[in-house]
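These come from TrEMBL:
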ACT_SITE  236  active site, proton acceptor
BINDING   71, 72  substrate binding site
DOMAIN    4-233  domain 'Carbohydrate kinase FGGY N-terminal'
DOMAIN    252-433  domain 'Carbohydrate kinase FGGY C-terminal'
SITE      8  site 'Important for activity'
Ligand SMILES: Nc1ncnc2c1ncn2[C@@H]1O[C@H](COP(=O)(O)OP(=O)(O)O)[C@@H](O)[C@H]1O
Ligand SMILES: O=C(CO)[C@@H](O)[C@H](O)COP(=O)(O)O
């Protein structure tokens, strides 16, 4: 059977999976790192994608490919198809005042009604407003705005600046494409009507510009110059939902650079408080989602501080008792998005001689991480979303202590799917879908279902320090 490739161009790295289009069997994988920082030259993503494809054995025997990627990043292009400035990523909070200004101008209810979400600093629209105000000369040059997966798909088709040898087809901006899921994170797209809201775009950027054409789930933007058929691609969380085959009753928690809690629903949500974003999924449905800025890196920072590996951090954490003897980490290392506290910093509460131990700190880090996500799950289910089990994915889900403590923090039964790259798998699913005309239903195995062990003390202590 033909092979298909899926790409996850995420915050920290680019991952490629190559699978059999019919069975979904994994043939090969590749990966390459992305630079650190909350603003990145998209050229680094293009280079990492090409490196990861090479590491995965290349595309010579691959029939179709799709790219999923980190949401919201602002890729501003000039009329010659050049990137105007480094892309501002979803976790760059400098546009928080722009979010406040847009909400003051239009009203939170009106923005939620028109776009499904009330924007925070992560959303592309706020980054465009920041550009207009902070770098007016750059804003004036903007001829098109794309998201990371849109831009990479365009580059794969052979488009790009005229003087770049990897873009033989040149700077044809009207050939930019996106999909509903990623467009729904811009803040100027209505996923119910499928239309861009140009009034909001102009209010943010100061003028109209080319936006990528929005493709349906099984629509192709075209081929690579060597003839590989391309899928529409997706935002990474929608990609993960597709890769997992998430169905009614599933709530997915992803613990990567970002923390997210989301579900696939038939009906769109409309949360005027701004806690739950009313995103679209990659199959034609909706994807209500809560995101935190702080997730796996909470554990990276704590492990670094304690001078241990991730596994050792987990072992230490399981040696402390639930609730860490009152030690609570409010883990807002990078500010926070949910709750919306872009300038917050992390704080450790409840330090006593008894609680201030290496074991307690390791556990408090995992408990703080999971409590933020439990609040996210609660916000999604409070909107009436059906929740029967939690699927936990992402880099930190690999940690046995995260799995065990999740069963103490979440009230829902927890399932850990086989460790894998579910965002890239979702993109590979899109590639198979566009190739065969039928959405594949590849099997996803579960490796762990930790015994439910709910300990209310953990969330009670965390809630007591809520800002
Ligand atoms: N065993 C582990 N325990 C805890 N964290 C881990 C473990 N393995 C990887 N990670 C963390 O997971 C993160 C990467 O997760 P990933 O889902 O690939 O992120 P992203 O897709 O956002 O780039 C890194 O911060 C990494 O340190
Ligand atoms: O901002 C969001 C969702 O709204 C993040 O989920 C980004 O999409 C980044 O994803 P990762 O790189 O952490 O997977």
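Including glycine, each Cβ sits where the backbone N, Cα and C put it.
For the pair the residue listed as 'active site, proton acceptor' and residue 71 (substrate binding site), the C-alpha distance works out to 6 angstrom. Of the recorded residues, residue 8 (site 'Important for activity') and residue 71 (substrate binding site) place their C-alpha atoms 11 Å from one another. In this structure, 72, 236 are the recorded positions from 8, 72, 236 whose C-beta falls under 6 Å of some atom of ligand 2. For the domain 'Carbohydrate kinase FGGY C-terminal' (252-433), the model gives a mean pLDDT of 97. Same-chain residues at least 6 positions away in sequence with a Cβ under 8 Å from that of residue 72 (substrate binding site) are, in sequence order, 89, 90, 122, 123, 124, 127, 147, 185, 186. Residue environment of residue 71 (substrate binding site) contains 30 other Cβ atoms, counted within 10 Å of its Cβ in all protein chains.
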